[in-house]
Amino acid sequence: MKSLHTICLLFIFIARGNSRSCDYCHNIGKDCDGYEHECSSPEDVCGKVFLEISSASLSVRTVHKNCFSSSVCKLGHFDINIGHHSYIRGRINCCEKEPCEDQPFPGLPLSQPNGYYCPGALGLFTEDSTEYEAICKGTETKCINIVGHRHENYPGDISYNLKGCVSSCPLLSLSNSTHEENRNYLEKVECKDAFKIASH
């Protein structure tokens, strides 16, 4: 799932600077109101990212507006099976001018377990989180493990750790160590084959 490159957007709202200006805000729900800020190269288009943590009975969505690069915009979406019948999903929509059109979330996958599993975890504000077994479904035959942090002026560094099943390994690069405000930094990216569930 090449589009998983956008996982770097799960807890980022990208950088700033250049001639184009875009809305900057984040909120729980479907929309947010913020302020306009200038974009920095290579972020040359305006964008809106929707994130969703969903299970069979509950879903929580957040919206984030900022500047994005055209190449990231082409990636579109990502879906990670984090276990306990839950997914973390993202959709990115970009445009030359505001407002950007929304891209709806489809229903949760109805795929059946495929005989594989991965460590699953959703850790926010921590790089260490309790693991559990995520049962892979459908075409999910890879395990992903992503650790990073986002530096904010307030409340400071926001760490995160994501683990679960994916359909293919993303192409992600580790970030340089720095503390520029409003930037996301990937510290660990691992992707390997899922584990076969032992037959009894």
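Keep in mind that glycine also has a Cβ here, set from the backbone N, Cα and C atoms.
Candidates considered were CYS32, CYS39. The record in Swiss-Prot pairs CYS25 in a disulfide bond with CYS32. In the disulfide annotation of Swiss-Prot, CYS46 is paired with CYS22 out of the candidates CYS22, CYS39, CYS67.
For CYS136 (disulfide bond), the nearest of the disulfide-bonded residues CYS73, CYS94, CYS95 in terms of C-alpha separation is CYS73.
Ranking the disulfide-bonded residues CYS73, CYS165, CYS191 by Cα distance from CYS95 (disulfide bond) puts CYS73 first. Looking only at the disulfide-bonded residues CYS73, CYS100, CYS191, the one with its C-alpha closest to CYS25 (disulfide bond) is CYS100. Around the Cβ of CYS169 (disulfide bond), the number of neighbouring Cβ atoms within 10 Å comes to 17. With a 10 A radius on its CB, CYS100 (disulfide bond) counts 21 other CB atoms from all the protein chains. Ranked by CA distance from CYS73 (disulfide bond), the disulfide-bonded residues CYS32, CYS67, CYS118, CYS165 have CYS67 at the top as the closest.
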